[in-house]
Amino acid sequence: MFPGTGGGHPQDDVRHAPTVRLNPSEVLAQRKVGPAVAPAEETSNRHPSGRHRGPSLLTQLTSAGRALVEGLRSDPDQRIVAVLAVLVATLGLAPMALAPSEVVIYSGVATGEPMLYTYTIAIAAAVVVIGVQTRRQLTRAFFPWVPFLGWMLLFAVLAWDSSLRTVSGLVHFTLVAIVFAVGVTAERADRRNSVLLWAFAAVAWLQLFAITMAVLGFPLRRIAGTQALDVLGRATGLTSHPGELAKLLFFCGMCALTLPQKTVRQRWVAWSTLGAVLLGVSLTQSRSVLAAVVAMILILVVLEFVTGRWQKKYFVVLGITGALGLLSVPWLIKRFTADPEGGDRQHLLQVAFDVIREHPWAGVGPNSYVAIAGASDPLTASGVPVHNVLLLSAAELGIIGALLLWLPFALTATTAVHAVFRVRTAELAPRVLVSALPGLVLIGMTGWGLMQGPYFLMLALIAGYFHARSRHVRVASGYGRD
């Protein structure tokens, strides 16, 4: 039968096609008939060597940007996390004054008159974004601050003056309450990714980069005037004083210890960030903060050992801490030799006790300590308030007002202690906070900068965030309700 007929072999079956012998020249001619046409997508990504090349950096950035925008549009939690990251950046890297253009020089917990800062805008944005999504939770987060805010309102009407200095102090303390509530509310949205912790870790590395640039002779921020002599030889990073940088790095250290450590890469990031924090604190030559950081790490290691969570990785932490502690010995000896008693701290304490004795109920008013106490004490008038946050707050807000101010922080500490010793949680945040408490007390009892400007706001943000995470642990274990 002929090919293609019903009783013969199938016409398209190559197995039954007739055998045709070609000579070599004909084979080459057939191979050169024409190149095979590949799909456009394959040919566009094919490297001249034959290997496929990935998308360009611009394409990757564009895709990531589109994904980010789409996520912000569709996911409320991503919007909350985004404003949280911006808030950390404005507090830790760029707390710049925007208006008015002329700054009134004043040594207080706030500026001499109300000012608009970059972080003020970030706080407002955070309140709007969080309020739209979780208004009820944000309102509940303010409850611990209601007594203090009511106290301030009462004495603002009845006792304190209405100067711009006092108004600036009122705004400052109100922002502290708002930021605490933002931290409490935003933690729920950030529970999975811990963006706040990663953001503070990034701040630590960027501050260390600024320190390195200054050592190389390219400072990113210059300190001028008489203050330049006071900070000579000490690291300031992007801040205006070594003590400010040291406090900022202490907060970064808390967050570094709380970073997720599920993978080897995450553990290396956490421990290297902790090393960057220790190195930065050592270069600031801040005695109290160095002691606070070392105490925080040692207490955390002891807690891990006591609760049966000891791991070999903690030998690395102890090694880093010990090495940088030895690195700090020379300047520690030098500073203690030059100033063994901490300067005029005893005199400043006596001035503060006198002010509290004269104004036990109302205090002298928010942000007014230097102005009022300085009228009778030249050292205070020169811009040196008492180096103790409890006495400073009692002198400005009255004894009861000071207790109400620190009440939310005390509740946060109590919640963390309960989560660690009663619930025995495996969550890192409560254990790190408990480990940091002695250091925070030491910093607060030996200085006043913890109540100043963005550093008090950072303390409130981290306290609110850790409070929410510790409370979540308690609720998950059957203690109380969310």
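Every residue gets a Cβ built from N, Cα and C, even glycine.
For 276-405, the entry in TrEMBL reads domain 'O-antigen ligase-related'. The region 'Disordered' annotation in TrEMBL covers 22-57. What TrEMBL records for 80-98, 104-130, 142-160, 166-184, 196-220, 289-307, 314-333, 397-421, 428-446 is transmembrane segment.
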Other parts of the chain folded back onto the transmembrane segment (314-333), taken as Cβ under 8 Å at six or more residues beyond its ends: 271, 274-275, 278-279, 282, 285, 287, 290, 294, 297-298, 301, 304
Arithmetic mean of per-residue pLDDT over the domain 'O-antigen ligase-related' (276-405): 90
Residues of the parent chain within Cβ reach of the transmembrane segment (80-98), under 8 Å, 6 or more residues beyond its termini: 72, 111, 115-123, 125-126, 129-130, 133-134, 179, 182, 185-186, 189-190, 193, 195-196, 199-200, 203, 206-207, 238, 248, 251-252, 453-454, 457-458, 461
Tertiary contacts of the transmembrane segment (104-130) (same chain, 6+ residues out, Cβ under 8 Å): 79-80, 83-84, 86-87, 89-91, 94-98, 138, 164-165, 167-169, 171-173, 175, 178-179, 182, 185-186, 366-371, 383-385, 392, 396, 448, 451-454, 456-457
Outside the transmembrane segment (166-184), six or more residues from its ends: residues with CB under 8 Å to it: 84, 87, 108-115, 120, 123, 126-127, 130, 137-138, 141-142, 144-145, 148-149, 152, 156, 160, 196, 365-368, 396, 405, 408, 453, 456-457, 460-465, 467-468
Residues in the domain 'O-antigen ligase-related' (276-405) grouped by DSSP into helix, strand and remaining coil: 94 helix, 0 strand, 36 coil
